Amino acid sequence: MAAETFLFTSESVNEGHPDKLCDQVSDAVLDACLAQDADSKVACETVTKTNMVMVLGEITTKATVDYEKIVRDTCRNIGFISDDVGLDADRCKVLVNIEQQSPDIAQGVHGHFTKRPEEVGAGDQGIMFGYATDETPELMPLSHVLATKLGARLTEVRKNGTCAWVRPDGKTQVTVEYLNEDGAMVPVRVHTVLISTQHDETVTNDEIAADLKEHVIKPVIPAKYLDENTIFHLNPSGRFVIGGPHGDAGLTGRKIIIDTYGGWGAHGGGAFSGKDPTKVDRSGAYIARQAAKSIIASGLARRCIVQISYAIGVPEPLSVFVDSYGTGKIPDREILKLVKENFDFRPGMISINLDLKKGGNRFIKTAAYGHFGRDDADFTWEVVKPLKFDKASA
């Protein structure tokens, strides 16, 4: 009897999606603050709707930041250069409501900048997860990798003129047929590909479908995963001219599954963008990913999840958990011991070990097309730490 397979789906959205626009603005603000002041405390939220972008939150920094310029530059770089594409970066209203970090939080977390790195407490309570799987070279779920890469490719063909009819907003979704091999995930084929892209008035639905197949799907999805039974839904609504903030309101932190593992593993609920590294929602999730990825890359397991938890003002995590889904070469308790020996989960030390206080255009890169599985030197949490285990006991 043939082994039983199952279907699993992951989605992604483009940099022109209104929620993702907000993530990018929030991280552009963070980058600008950190570039001038590495100890900036940033909690920056962004909201957008027709003809308006607003940034709000709590920021304590020595940096001089032109928030309006950051908003307009970010929107322009995405491609929002006129009302008909969903937003005009140079004419839209920009509202700013930024205050300083609460002194109550400041004294509890970093002692008003007096605590040494190893003493810095978590910026809040919370739970964070890291996940990794051996099904792709990135050690990420294939369904998520393909959905994300389709979105990135859609933006590429828009910006380089290959498909000049494409507008900034767009969504992708990929269903993969999997085999469960004793807890490890083995992709068999791509079952369904869905792309909905904003487009201009000039293009027909037939042209859209042909261009998407030729210039987006073919370069991204390996031929071995496609067959005559693969289903394609290409702009199934039939019309997607109105998009961006004109089509939908946008808000920072509403695409947290797209940012992480596409529905695989687990998520603690905390968003990443617009948060400096004392916010463990971000730094904790980054170090948990590094731990999970290192477990897989070191051959300790084929798939695993790592959970950590924190209390506000307390440096050490309250708990660390590892589950290898039965794929571990050694017992999970042994893997957990290795993780605790090799990773420092104190927020101040995460910032140092992953170099998370460096700004520039560092974090804006994370704000579209996923925070994990990326091949970029700035994604320091993707660097594998070799975990040595006693082969004799394995």
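Every residue, even glycine, has its Cβ placed from backbone N, Cα and C.
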Would you identify which residue of H17, H371 Swiss-Prot lists as part of the ATP site it also attributes to D169, G170, K171, S237, G238, R239, F240, D248, R254, K255, A271, K275, K279?
H17
Looking at Swiss-Prot, which one out of Q24, Q36, Q101, Q307 binds L-methionine in the same site as E58, D248, K279?
Q101
Among all the protein chains here, how many other CB atoms are within 10 A of the CB of E58 (L-methionine binding site)?
16
Round to the nearest Å and give the CA-to-CA distance linking E58 (L-methionine binding site) with G170 (ATP binding site).
31
Roughly how many Å separate the Cα of K275 (ATP binding site) from that of E11 (Mg(2+) binding site), to the nearest whole number?
24
Find the longest CA to CA distance in the recorded ATP-binding set H17, D169, G170, K171, S237, G238, R239, F240, D248, R254, K255, A271, K275, K279; express it in Å as a whole number.
42
Could you list the residues of the same chain, at least six apart in sequence, whose Cβ is under 8 A from the Cβ of Q101 (L-methionine binding site)?
K41, A43, E58, I59, T60
